[in-house]
Each structure stands twice: as C-alpha cells, then as structure tokens.
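Read the structure below first, then the notes.
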Amino acid sequence: MFTTPLPPQKRLSTQTEAIAKNITAIRSLDWDRDRFDIEFGLQNGTTYNSYLIQADKVALVDSSHEKFRQLYLDLLQGLIDPQRIDYLIVSHTEPDHSGLVKDILQLNPRITVVATKVALQFLDNFVHQPFERIQVKSGDRLDLGQGHDLEFVSAPNLHWPDTMLTYDPATEILFTCDVFGMHYCSDAVFDIDLGKIAPDYQFYYDCLMGPNARSVLAAMKRMDNLGTISTVANGHGPLLRHNVGELLHRYRHWSESQSKAEKTVVVFYVADYGYGDRLSQAIAKGITKTGVGVDMVDLSSADPQEIQELVGHASGVVLGMPPLQANADLSTNFGAVLAAMQPKQVFGLYESYGGDDEPIDPLRTKFLDLGLREAFKVIKVKDTPSESTYQLCDESGTDLGQNLIQAAKIKQLKSLDSDLEKAIGRISGGLYIITAQKGEVKGAMLASWVSQASFNPPGFTVAVAKDRAIESLMQVGDRFVLNILEEGNYQILMKHFLKRFPPGADRFAGVKTQTASNGSPILTDALAYLECEVASRMECSDHWIVYSQVTNGRVAKAEGLTAVHHRKVGNYY
C-alpha cells in the first residue's frame with residue numbers, strides 16, 4: 001500500500017498579556033521559520049504582535065499573519081465582541097501585519113480604519129471593499145478617553161513607505177510595528193535577557209532598517225518630541241521594556257554610522273508588487289556591508305523631485321523592474337529616475353517577479369548607451385525567490401559596494417604608516433579555509449586570522465571582514481567547518497579560493513569535498529578539519545570577531561604540519 005506522508009505541522013500558538021492598564025498584547029507565535037526572506041536568516045522563528053486598547057473607545061493596533069486566521073480570530077473574540085471595536089489602527093500594510101484586516105472588517109463592517117495616506121491606498125487594493133477610514137499624519141491625535149489620547153508619528157520607509165508609529169501618553173507605550181523589532185520567538189513577552197536577543201535585534205536592523213538609516217534618524221527625531229517611552233510595543237519578537245534606552249540608543253548609533261557614508265546608492269523598488277521589496281532588501285544589505293550608504297525608495301509613492309535629488313547625489317542606482325502597465329504616478333517616477341541618471345554612475349537591475357515586469361534587457365542597453373557602468377549582471381527571477389536567489393542579491397549588492405569604494409581603499413592603504421604596517425605584518429597565522437552551508441546557500445573563505453580562544457569547551461576566534469559573502473553564514477547559531485591546510489600542499493586550494501567569484505557562483509566547483517555531520521563541506525585535501533558552531537560575535541571596526549565552539553574534528557595526516565602565512569605588511573591579508 002502506498003501512502004503519502006503528511007507535511008510536517010507548523011508550530012503555531014497564541015498568547016495574551018496585559019501590558020498596561022486597558023492594554024492587552026495579542027502575540028501570534030510562529031516557532032518555525034518557513035520563509036527565505038533575508039531577515040529570517042537566524043532561523044529563530046518570529047512573533048506577530050497585535051494590541052487591544054480598551055478605554056471609552058476601543059482600538060485594535062494591527063492584526064496578524066493570515067496563517068493565524070482561526071487562532072487569532074478565536075482569541076480576539078474571546079477577549080472582546082468585535083462589534084465593540086471602534087478603530088483598527090494599521091501601522092503598516094505588509095501582509096504579516098494586515099493579513100486579517102479583511103476578516104476583521106467582516107466581523108465588524110462599521111469599524112474605522114486609521115492609517116497613513118499610502119497605507120489606505122494599499123488597503124484599497126488589498127481589501128476590495130469600502131470601509132470607514134481616518135487618514136493621519138505626524139502630530140495627528142485620536143482620543144480614546146481615560147487619558148489614551150493617541151499621537152501618530154509618520155515613519156516612511158521603515159521599512160515600507162506607509163509605516164507609522166503610535167504613542168499612548170497614558171501608558172508611555174510606543175506602538176512601532178516593524179521598527180525596533182526582531183525575528184525571535186519566545187514565551188517571554190518582554191526583553192528580559194538582553195544578551196540572548198541582541199544578535200537577533202541587530203541582524204533584523206541590518207537587514208531591514210540599516211538600508212534606511214536616514215529614515216530611521218528622521219523618525220527618531222520625531223520620537224524625541226513625544227513624552228517618556230517606557231515600553232516599545234513592536235510587531236515582532238519580545239516587547240522592549242527592560243532595556244528601552246539601550247536598544248533605542250543602538251538604533252540611533254547604527255543609523256548615524258550608516259548615514260555618514262561618503263558614497264550612497266539609491267535602491268528603487270515597488271512596494272506591494274511581486275517580490276521587489278524583498279529582493280531590494282537583500283541587495284541593500286549587501287551594499288551596506290561594504291560601508292556604502294543606501295537610500296531605499298518606493299517608486300509607487302515617492303515624490304519626483306525627491307527622486308531627482310537622490311539620484312543626482314548618488315554614486316549608483318539599483319532599479320527593480322516596475323509593472324509594465326504602470327499607473328500615472330509610477331510612470332512619472334520611473335521617468336524621473338531615468339532623467340536624473342548621469343554618466344559614470346554605477347547601476348544594477350533586477351526583476352521583481354510580479355507577473356507584469358517592464359522588460360529588463362532594453363533598459364540595461366539604454367543605461368550602457370548613456371555611459372553608465374554595470375555593477376552586476378541583471379538579476380532575472382523566473383520563479384518564486386529561493387535562498388539562492390537572496391544570496392545572489394546579497395552578493396550582487398556587495399559587489400556593487402566594493403566597486404564604489406575600491407579607489408578609496410587603495411588611497412587609504414597608501415597613506416598608512418609604512419613602519420607600523422611592516423611591524424604588524426610580522427604577526428603570522430596558519431592557513432585555513434572556512435566552508436559553510438545553510439539550506440541551499442554555500443560559502444567559503446580563505447582565512448589566516450584564526451586563534452584558539454578556549455579549552456573547555458574547545459573554541460577559537462576568526463576575524464571575518466564585514467563585506468565577505470560568507471559573513472551572512474556565520475551568525476550566532478550557524479555551523480561551519482574550519483579546514484586546516486597542510487604545509488607544502490596548500491597552493492592549489494589557496495589559489496582556487498582566492499579567486500574573485502561572481503555573485504551566486506558555486507565556490508566548490510572542481511573541488512573534492514565530502515559532507516560533515518553539520519551539513520557543511522569538508523575539503524578532502526585538507527590536513528584536518530573542525531566542525532564548529534558560532535557562539536558569539538564581537539564587532540571590531542571593519543571585521544567581526546567570531547567565537548566558535550568545536551563539536552567534532554579529525555586529522556587526515558598525523559605527520560602533517562599546518563601551513564603558515566607569512567606577511568610583510570599588515571594593511572592587507
């Protein structure tokens with residue numbers, strides 16, 4: 001008898017918590033990662049947070065992902081009769097927060113939706129039915145009674161163009177949706193263990209908010225005019241209460257560092273069309289790894305004058321293909337991009353996979369004819385984006401950024417003190433190749449900055465440049481193999497892995513490998529190997545110091561010696 005195995009059941013649960021007088025958090029806990037979007041790279045699941053404010057008037061702040069439809073709606077109806085809800089505040093219309101808006105409107109057609117102008121436009125296209133609405137902007141208020149006089153703060157591009165924050169002075173709670181969030185699933189409602197959540201908090205920022213650093217600073221400047229913020233009620237992960245000051249400071253510090261970049265790239269996408277927003281985030285993350293600044297702009301809602309100013313001052317432009325049958329505003333903005341492009345700027349193009357993309361090849365030809373430099377091959381998307389697609393986008397962005405800063409790096413190297421660099425160059429280390437695989441994504445890197453750091457458990461550190469492709473595979477919890485090269489028998493492997501690989505290329509083509517128990521490749525010709533797991537990371541200027549614990553290892557040649565890398569100067573590898 002033949003039976004078809006049932007797909008594994010997703011671990012979904014819900015949770016409620018009274019977080020202040022009259023305010024209840026409704027948390028939808030998604031314990032398993034099932035998306036390839038780049039910000040889910042740490043694979044710690046996520047939560048979708050919604051909030052119910054019950055004063056003289058009742059407001060629901062955001063909803064949940066459609067995968068929680070029955071769980072969420074049953075829980076909501078157990079808390080309150082939906083007919084009593086006066087307002088549905090939509091902070092942002094991405095489906096993971098607004099996936100149940102239509103269901104809530106069906107439960108209570110008289111509810112009034114409160115959102116920004118752009119959010120209401122997106123909702124019209126999503127809901128396809130009339131609904132009561134209030135359009136709000138920064139400084140507008142909504143009085144629910146009993147001191148809950150809500151104030152709204154516009155926060156466009158964090159990370160969608162429609163985002164807004166909501167402040168409740170009665171409880172000193174700031175409702176922020178994606179901002180100050182993290183993809184971290186836990187029963188803990190609040191940020192009790194800062195050390196445990198810190199890597200996820202920064203990774204989420206790097207993926208979604210870092211490419212919008214200027215917008216982050218603009219939003220935080222508006223936040224400065226609010227009252228005391230005692231709790232950040234975010235849309236993903238634990239709420240911030242115990243470490244509010246520290247975690248807000250980190251956002252400000254990271255964003256100030258990003259905004260000081262000497263060179264910038266404008267990354268254009270069309271929100272709510274295909275996978276353009278997700279692909280653009282991956283490209284932007286790759287760019288920011290190199291220290292180049294990014295401005296992310298939604299073509300469907302931007303101002304043409306703003307577009308021309310941004311493009312005019314930028315060193316490069318990345319453009320996602322908009323729909324062929326564009327509306328008038330989108331066509332105007334697309335034309336503004338083309339008109340503002342200048343010779344010698346670098347460019348990159350990618351398909352949005354929205355079903356009606358503008359043809360990409362004629363636009364590439366036009367840019368080349370204008371004298372623009374192509375930073376990476378056009379990214380053509382012929383199927384739902386996979387892990388490999390996002391890796392290609394990330395590495396393409398890194399290539400673009402490295403292209404822009406290459407001349408500045410050479411100039412900086414020449415200006416360094418020669419005696420100092422010669423002295424530092426006398427620090428020697430062994431030769432190793434780090435190999436890693438996570439899902440479909442593989443990576444490798446030649447390394448010499450490796451040092452044992454602990455006996456029990458056995459562990460070591462390795463320095464990884466921020467702009468290395470493998471950096472994204474060496475986050476806390478990731479597994480990899482440290483391949484130790486043999487003296488007198490390392491040249492072939494070293495030469496292979498020193499090559500500059502194009503974005504998305506297979507680093508292991510033509511190399512003999514076997515698979516370690518942790519899933520990463522072992523180089524068959526290595527002297528020895530260690531299977532490792534990343535335990536922690538420390539940021540050090542242009543590198544990450546990655547501390548890893550060893551879980552397994554083997555020596556292939558007992559008499560072999562580790563290859564040693566001797567340098568003469570210390571300003572490059």
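Using N, Cα and C of the backbone, Cβ positions are placed for all residues, glycine too.
Just one of His236, His242, His249 is listed by Swiss-Prot for the same Fe cation 2 site as Asp96, Asp178, and that one is His236. Checking the candidates His65, His159 against Swiss-Prot: the one annotated together with His92, Glu94, Asp178 at the Fe cation 1 site is His159.
In sequence order, Ser91, His97, Leu158, Trp160, Thr163, Cys177, Leu208, Gly235 are the residues of the same chain, not among His92, Glu94, His159, Asp178, whose CB sits within 8 A of the CB centroid for the Fe cation 1 site. Remark: secondary structure over the domain 'Flavodoxin-like' (265-401) totals 61 helix, 26 strand, 50 coil, with classes taken from DSSP. Counted within 10 Å of its Cβ, the other Cβ atoms near Glu94 (Fe cation 1 binding site) come to 20, all protein chains included. Glu94 (Fe cation 1 binding site) sits 13 Å from His236 (Fe cation 2 binding site), counting Cα to Cα. Distance from the CA of His236 (Fe cation 2 binding site) to the CA of His92 (Fe cation 1 binding site) is 13 Å. Taking the centroid of the Cβ atoms of Asp96, Asp178, His236 as the Fe cation 2 site, the other same-chain residues with Cβ within 8 Å of it are Thr46, Tyr48, His92, Glu94, His97, Cys177, Gly181, His183, Asn234, Gly235. Mean predicted confidence for the domain 'Flavodoxin-like' (265-401): the pLDDT average there is 93. Broken down by DSSP into helix, strand and coil, the region 'Flavodoxin-reductase-like' (424-573) contains 13 helix, 70 strand, 67 coil.
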